[in-house]
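Taken verbatim from Swiss-Prot:
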{"type": "BINDING", "residues": "150, 151, 152, 153, 154, 155, 156, 157", "note": "ATP binding site"}
C-alpha cells in the first residue's frame with residue numbers, strides 16, 4: 001500500500017501527494033492515519049505531479065498538512081447480503097445502531113458498472129401499492145422507477161414510509177432505504193416506525209443526514225444501491241427507496257466548485273446530467289431479479305423546471321406529483337391526479353377498464369378545474385344541470401382520493417387502510433356512473449373502499 005501526505009485542505013476537499021510511481025486510481029479509497037477518528041477520502045481527480053484531489057467522507061476538522069494517508073488500492077467497500085437487514089449503516093457500511101458488527105460474508109465496491117444491455121429485462125407486471133390514487137392514476141411497474149415530487153412539507157417521506165410498510169407486509173419483499181441528506185429526526189422516526197410495524201428485519205437502512213459533509217451525502221445513495229444490487233443478483237425483487245434525490249444533486253454542487261469546476265445553470269455542477277445518469281443507470285432490473293425504486297424529489301420553490309428535478313424526470317417511469325394546493329384542502333395523500341403520470345397507464349398493460357376509469361376520473365376533475373372560475377364569480381346556481389352533476393361527482397372523487405395511512409395513524413386518529421386495485425377501480429367507476437350521487441360528499445373523505453363510504457354515509 002502506497003503512503004502519501006496531505007498538502008492542502010479546503011473544506012471537504014483534500015489534496016494528497018503520493019510518490020510519482022504509486023498514484024492512486026480515481027475513486028480509490030484512502031485512509032488518513034494519525035487523525036483522532038477514522039477518516040476515509042475518495043480520489044476524484046489526478047492533478048499531476050503525484051497529487052490527487054479527494055473528497056472527505058467525514059468531517060475534515062482537525063486535519064493538517066503533513067498527515068500520512070494510505071491508499072487502500074480499491075474503492076470504498078460496503079457489506080452486502082442478508083446480514084445488512086434490520087441494521088442502520090453509514091456511507092462506509094459501518095453500523096451506527098449500537099448493535100455490534102454487521103457480520104457480513106461479503107463486501108462490494110460502491111462504484112460498479114451498470115448492467116450490460118443484453119442483461120436488462122423488461123417487465124409489464126404491476127406492483128400494487130394499496131394506495132388508491134397511485135394504483136389508479138400512476139400505477140407502478142415492477143422493476144420500474146418512480147419519483148415522488150413535492151415541495152417542502154407536502155408528505156414525500158410519509159408517502160414513502162407507507163409504501164415501505166405496505167410492500168413489506170402485503171408483498172413480504174426486501175427493501176433498502178437510503179436516507180440522503182435528510183433530517184436525523186426523520187431517520188429516527190422511520191426506524192421506530194419500521195420496528196413498530198415489525199418490518200425492520202426486511203429493510204436495510206443507510207443514512208447520511210443533512211449535517212454530514214457533502215462527500216458523505218454524495219456517496220450514500222451509491223452505498224444503498226450496492227446493497228440493493230446484491231439482493232437483485234441473488235434473484236430477488238427488491239425495493240430501493242431514496243430520500244431525497246435532490247440532496248444527492250446538492251452534495252455534488254457543494255463539492256463541484258471546490259474541485260475547480262465552473263458552475264452551470266442556476267449554479268449547479270456542469271456534470272449534473274452525468275452524475276444523475278451514473279446513479280440511475282444502475283437502478284435497473286436484469287434477467288435475474290428486479291429493483292423497483294421509489295425516489296423522493298424535493299422541488300426547490302415548487303418549480304418543476306429547476307435543472308435538478310428536470311434532470312430526474314428523464315429517468316422515471318412514473319411521477320407522483322404532490323401538490324400544496326391539494327394538501328391545503330386537507331386531502332392526504334396530496335397527490336395531484338392531473339399532474340401525475342405513468343408509462344404503465346396504457347390499456348395494453350393495465351387493461352381497458354382500468355385505463356377508462358383513470359382517464360374518466362381525470363376528465364371529470366379537469367372539467368371541475370375549468371368550472372371553478374365560473375363558480376367563484378357567478379356561483380353554483382349559474383351552472384347547467386349537467387355541469388352541476390360534474391361538480392358534485394368531481395368533489396366526491398376528490399375526497400375519495402384521500403385515504404388514511406397506517407404510518408399516519410398518530411396524526412389522523414383513524415386506522416390505516418390498504419385498498420386492492422379491484423376495489424379502487426370499482427369505487428371510482430361507481431362514482432362516475434352516478435351510483436352514489438345520493439350520498440353526501442363528506443362520506444367519501446378519508447375512507448378505504450367504497451363500501452366504507454356507504455357505511456359512513458349512514459352515520460352522517
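The count begins at 1 with the first shown residue.
Positions of Cβ are set from backbone N, Cα and C atoms, glycine also.
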Candidate with the highest Cβ count within 10 Å, taken from the binding-site residues 152, 154: 154
Same chain, 6+ residues apart, C-beta under 8 Å of the C-beta of residue 157 (ATP binding site), given in sequence order: 182, 186, 190, 243, 296
Non-site residues, in chain order, whose CB comes within 8 A of the mean position of the CB atoms of 150, 151, 152, 153, 154, 155, 156, 157 at ATP: 298, 322
Residue with minimal Cβ packing [other Cβ atoms within 10 Å] among the binding-site residues 151, 153, 155: 153
DSSP state at residue 152 (ATP binding site), helix/strand/coil: coil
